[in-house]
Ligand code: KG4
Ligand code: ZN
């Protein structure tokens, strides 16, 4: 008798040519437990996200062990809700796609193990999806007509990079951060300013109330390259705040937030436009949690218009972690014949860009 994996291999092959493919996606790499059903990579049937933000807020950041435990408690209900909301039968699911990395290992394992049991139970292929490919794929749901090639500005909590995406799941790296990711810098600056976790959205919010009138460091870092560095500006903000505190002076939180944010956004936008110019590609796609930043969106909209570049950003709910982007990526893995996993699949803290 054929084994589960032998049947999965055959089904995976057959899905390549199937016209209507329903993928159930699972995401649990950090502090969101999410399950989603997506048809043909672009049509969202459901996307249920259970956030642990309120749980981690009191610790000022994500506590890995607490995250894992809460994923365990949430995942079954989130799954049931996602299937119900999609209005499908379990037998309609063609494949299960799950984030296997990058992320917190204990958190990842909850999603991976649930996905393994589900694909075995439903007797369908299991697809191991990179969280980064997921963030890029969020754009295919928001912009149905979007197709590679394009330049991707990847701005997440774990990564900051400029990618030349030549086809689905195929890219070369044009530049990357040499130290902190931009999301990390936002979160650290938020913390020093006494803003609650999650830091990025709070810096964004306070920056709207302030003026960009403080020059922390000069802009010409890594000039002429498409690489980024954010640890210098982060340290400069920390020193600036500490200096004021030592002198007993108050910190103007909105102005610091606005000045930091405009520095970071200038770096990101100028290099993203340069990448488009250097490669001759006229499409810019933004991916990752920091794509939710309102000032980044505002500046990219202006600069892309000036430079005749088409700009694509995910709708707000798909900017940060969600399973819809994983289900979408899963579809492209299937069409490309990539990512088929066995029941020995495990989580991975890092993935290659
Ligand atoms: O992509 P993501 O969900 O995490 C990884 O996959 O690594 O991004 C999370 C990051 C956090 O650092 C968070 O502070 C940041 O995205 N973020 C923002 C905003 N919303 C989320 N940063 C700046 N402005 C925002 N509105
Ligand atoms: Zn993410």
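These residue numbers are counts, starting from 1, taken along the chain as shown.
A Cβ is built for glycine as well, from the same backbone N, Cα and C atoms used for every other residue.
Annotated features in TrEMBL:
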- 131, 135, 321: Fe cation binding site (BINDING)
- 154, 155, 156, 157, 158, 187, 200, 204, 293: substrate binding site (BINDING)
- 43-327: domain 'Gcp-like' (DOMAIN)
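Here the features listed in TrEMBL are placed on the structure.
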residue: 131; record: Fe cation binding site; CB count, 10 Å: 25
residue: 135; record: Fe cation binding site; CB count, 10 Å: 30
residue: 154; record: substrate binding site; CB count, 10 Å: 27
residue: 156; record: substrate binding site; CB count, 10 Å: 23
residue: 158; record: substrate binding site; CB count, 10 Å: 22
residue: 200; record: substrate binding site; CB count, 10 Å: 25
residue: 293; record: substrate binding site; CB count, 10 Å: 27
residue: 321; record: Fe cation binding site; CB count, 10 Å: 27
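Cα-Cα distances to residue 135 (Fe cation binding site) place 154, 156 within 10 Å, out of the binding-site residues 154, 156, 158, 200, 293. In the three-state DSSP classification, residue 135 (Fe cation binding site) falls within a helix. Checking the binding-site residues 154, 158, 200, 293, 321 against ligand 2, the ones whose Cβ sits under 6 Å from it are 321. In the three-state DSSP assignment, the secondary structure recorded for residue 200 (substrate binding site) is helix. Residues 158, 321, taken from the binding-site residues 154, 158, 321, are distinguished by a CB atom under 6 angstroms from ligand 1. When the alpha carbons of residue 158 (substrate binding site) and residue 131 (Fe cation binding site) are compared, the span between them is 10 angstrom. Residue annotation for substrate gives 154, 155, 156, 157, 158, 187, 200, 204, 293. The furthest Cα pair among them is separated by 19 Å.
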